[in-house]
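Below is one structure, written out as structure tokens; comments come after it.
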Amino acid sequence: MENLKKQVGIKAAEFVKSGMVVGLGTGSTAAYFVEELGRRVAEEQLEITGVTTSSVTSEQAKALGIPLASIDEVDYVDLTVDGADEIDSHLNGIKGGGAALLMEKIVATYSKDYIWIVDESKLSENLGSFKVPVEVITYGSEQLFKEFERAAYAPTWRLNEEGEKLITDMQHFIIDLHIAKIENPQKLADELDLMVGVVEHGLFNGMVKKVIVAGSDGVKIISQ
């Protein structure tokens, strides 16, 4: 599995050229993309500016010598490469397993090009086998949790290693929704967008046109 992740990370790095502002995703697969960019910066004199999507990715990029800027310091991002937790047949996706969904969606929104890199196990006909993360402000979060219970979304709190409610980089909580089959991802996204106290959710609908997939038959690119 790790070899597959590395393959797509290296493949995605081929789309990066000198002079680009590059969005650096978060997660185990995106880490291989960042690692390959670091190698190219050191060995090939690749000149880029990275915009990171989490504190974890920032630390990795700094250690690799990749110059960084915040999303507010650039006009736009040329290309963002990130992983995904589940992707349906229409290239809608669920992200946020690494608790970085808010920053990931902000960087993706201001990117000219956006690519996901995954192994074939992340592909599904319909979304729902992976939980839907919902980032919420701490105040009133228990009320939101009850709302999700009433909607039969089987909510659970995202916890840290100490068993306490996880605090995101943006100082929010995450409530994970466990919905067996999401028939209409956009309808669910619209519903969540209208809920007071919800900061962002992990449904990334219609945001990517290209997915790089590694599987038993090699690396392929799926385009929409």
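Cβ coordinates are placed from backbone N, Cα and C, and glycine is handled just like the others.
Listed in Swiss-Prot for this protein:
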- Thr26, Gly27, Ser28, Thr29, Asp82, Gly83, Ala84, Asp85, Lys95, Gly96, Gly97, Gly98, Lys122: substrate binding site (BINDING)
- Glu104: active site, proton acceptor (ACT_SITE)
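The residues near the substrate site, meaning same-chain residues not in Thr26, Gly27, Ser28, Thr29, Asp82, Gly83, Ala84, Asp85, Lys95, Gly96, Gly97, Gly98, Lys122 whose C-beta sits within 8 angstroms of the mean position of the site's C-beta atoms, are Gly25, Ala30, in sequence order. Cβ neighbours within 10 Å of Asp82 (substrate binding site), excluding its own Cβ and spanning all shown chains: 31. Other Cβ atoms within 10 Å of the Cβ of Ser28 (substrate binding site) number 13 in total over all chains. Sequence-distant contacts of Lys95 (substrate binding site), defined as residues of its own chain at least six apart whose C-beta falls under 8 angstroms from its C-beta, comprise Asp82, Gly83, Ala84, Asp85, Leu101, Glu104, Lys105, Pro133, Gly202, Phe204. For the substrate site listed in the record, the two most distant Cα atoms among Thr26, Gly27, Ser28, Thr29, Asp82, Gly83, Ala84, Asp85, Lys95, Gly96, Gly97, Gly98, Lys122 lie 16 Å apart. For Lys122 (substrate binding site), the same-chain residues lying six or more positions away in sequence with a CB closer than 8 A to its CB are Ala84, Asp85, Glu86, Ile87, Val213.
Fewest Cβ neighbours within 10 Å among the recorded positions Thr26, Ala84, Gly97, Glu104: that distinction goes to Gly97. A strand conformation is recorded for Asp82 (substrate binding site) in the three-state DSSP classification.
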